[in-house]
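Novice: Got a structure for you, written out below as structure tokens; questions coming shortly.
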Amino acid sequence: MVLKHWIFSLLFCVLLSSYAGASEEKFFPEQGSHFGVFYYPEHWPEEQWERDIKRVAELGFDFIHYNEFAWARLEPEEGKFDFNWLDKVIALADENGLKVILCTPSPCPPAWLATKHPEILAMDAEGDRLQHSGSRLTGSLANPIYQKYVDRIVTLLAERYAKDDRVWGWQIGNEPHIQVGSDYSPSAIKAFREWLKDKYGTIEALNEAWGAAFWSYTLNDFSQVNVPTSNPHVYLDFETYTSEEIARDLSDQAEIIRAHGDGSQWITTNYAYFKGLKNVDPFLTRDTLDFASHTMYISHNISLDSGDSLAHRLGAGMEFSMGTEIAASVSGYTGIMELQPGQINWGRFNAIPLPGAVRMWVWHAFGMGERFVCTYRFRQPLYGLEQFHSGIMQTDGVSVNFNGKDFVQAVNEINDFEDQLDPEATHPFVENTRTGYLWSQRNVMDIERYPHNRAWDTWQHLYTWYQGLKRMAVDVVFLQPDDTFDPEETPFLVVPSYQMMSRELIDKLERYAKQGGHLIMSTRSGLKDDRGHLWEAKKQEPVWPLVGGEIPFYDHLPANRPGTVAFEGEAYPWHLWGTVVEPYAETEVWGSFADQFYEGSAAITHQDYGKGSSTYVGTWSEDSEMEYDVLRKLYSRYAGDLPFDLPPYVFADFRDGFWVGVNYTDQTYTLPTARQTKFVIGEKELPPGGVSVWKE
């Protein structure tokens, strides 16, 4: 049943191709960005709604977000529906000139549903079923009863509002994922087995793909498939299935809304925590949602940040930048659906942001091209799990919060500034520097499951290469392996630790370089085939032509006894992974191992490749400086001298004729601008948490 439902959804989505992926100009014809807030009328007395919604508009916001998690308010008892309250707040928004984003309430099934049908709740890996306990994202997406009730509430919402011109757009669910990571309920296991039948056809093909001969795992029938398991190939398939199931749920809900609408409202979801939610793949809904929006909380002190004395107050700027460009790469544009307005409640510890930091985040979002920025939330709740999560307003409901003032300041600064924008202006050096970044959630999941080095951090490695690109202020687009690799569109292509490669992908990378592209691969790339098997060949042999030499072995070192790589007269420490290359005669050796028993062996190679080039960096330096220096050498050779040489966590982004600079470090940075540069906001000296906007 689930498989048929998924196939029907895919066919329907083909018919809807004129809707899905609609152009940015259709939904966002105005230049600049929109700003809005999450507001939960169900949390507040009705007599306060008018006051609150009026205040939203007075502060400079132009849209408001409703209905997230409100299933129990919409359907307090089975089959008894109440939309009157939602009608009232939509009308109040319209009266105050605010557009409305509506959310489908699927993440929070009501108590009556969980009581009547406990089988709709997901199960964890230990076999314990989730409870209706005031949490969210508890449903088993594969359960047909859950699907039926979700379809019904979404259909009723769509019938009522999908042609309402006061509704600007829709958010499907919230931060899509499964609360316990993956669902191990009987419904999910049954759906996974059907997924496997569709993928492999026969149990013999499955056994071969899973290497089932190892430890006598061989199966006789698909009914014997169970999870969790220690087999890495089973794990990878199960997580891939989970990714597709999450995408199927989002697409099904979007399908219902489109069937009742006229195409004037956009449909998205707010993808979140790309590092933490490995089995959520925003690219799987590229053809069914209009674009991917995203969530951005960066002061939780869990993700990577600058590590300096103000990191806990300024936040994880690299996560902000990379998350934005991942989301924008799905359909070409994005918006932040949730941006924290100040102190949060769920971090490792919850420091209050530095005065000005929230303003910086809003400006950073604007500079990166976000079409809207919505803050979570307008009012701080007085009760519940998020009662310590700050809002724009203080807990009295009428006074603007400490950090909320920064948010409001940024909104009004940008609103006043936007008439100076020139949408026809182009990034001054984008044509010869725009960089593709090969991306696959499946590859990330494979390495994270079996890193082969307990100290290996896949995301830190991915950040290393992304950070190097942003220090040069180049535009980055994240590419899927099925995307077109066009040197005219992306003259450079970074392939960081892309461990699983098909023969077709390797051929595609070779064609890209031969046609004039400049390819950069890092260590581990091409170590396995696309099934997650090691090649039945010499180590990484299929990628040797791109490496420019043979790979006899790789090495790991203890952190307290690092090795060094010599590059351009400098010594760079490493210990996590070092791949030794025996270069071909025509290959340039850019860097060599400076110690160990393989001292003098090649660690970094470069070669002309057709009309383009191929560079291989076989190790990972401890401070990411080597990778940056390799990038600068490469870009200087093929793109000329670039104006920016930024320190990590200082960003400069170009939008509509202006540069926007922000500083996530504890040191003031002097921007490399000309003496006659006109600053619209800030100045040449960019302080910690500061913003500068200028035009050359």
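Any Cβ shown, glycine's included, is placed from N, Cα and C.
As listed in TrEMBL for this protein:
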type: DOMAIN; residues: 39-415; note: domain 'Glycoside hydrolase family 42 N-terminal'
type: BINDING; residues: R136, N174, W346; note: substrate binding site
type: ACT_SITE; residues: E175; note: active site, proton donor
type: ACT_SITE; residues: E338; note: active site, nucleophile
type: DOMAIN; residues: 438-640; note: domain 'Beta-galactosidase trimerisation'
Novice: Please list, in sequence order, every residue of the chain apart from R136, N174, W346 whose Cβ lies within 8 Å of the Cβ centroid of the substrate site.
Specialist: P107, L137, E175
Novice: Could you check the active-site residues E175, E338 and say which one's CB has the most other CB atoms within 10 Å?
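Specialist: Highest number of other Cβ atoms within 10 Å: E338.
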Novice: Can you tell me whether DSSP puts the residue listed as 'active site, proton donor' in helix, strand or coil?
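Specialist: For the residue listed as 'active site, proton donor' - judged by DSSP and reduced to three states - the answer is coil.
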Novice: Give the distance between the Cα atoms of E338 (active site, nucleophile) and the residue listed as 'active site, proton donor', rounded to the nearest whole Å.
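Specialist: Cα-Cα, rounded: 10 Å.
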Novice: Across the domain 'Glycoside hydrolase family 42 N-terminal' (39-415), what does the pLDDT come to on average, as a whole number?
Specialist: 97
Novice: When the number of other CB atoms within 10 A of each residue's CB is tallied over all shown chains, which of the binding-site residues R136, N174, W346 has the maximum?
Specialist: N174
Novice: Per the record, substrate is bound by R136, N174, W346: how many Å separate the farthest pair of Cα atoms?
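Specialist: Between the most distant Cα atoms of the substrate site, 17 Å.
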Novice: Let me know the DSSP-derived helix, strand or coil state of R136 (substrate binding site), please.
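Specialist: Where R136 (substrate binding site) sits, the three-state DSSP reduction gives coil.
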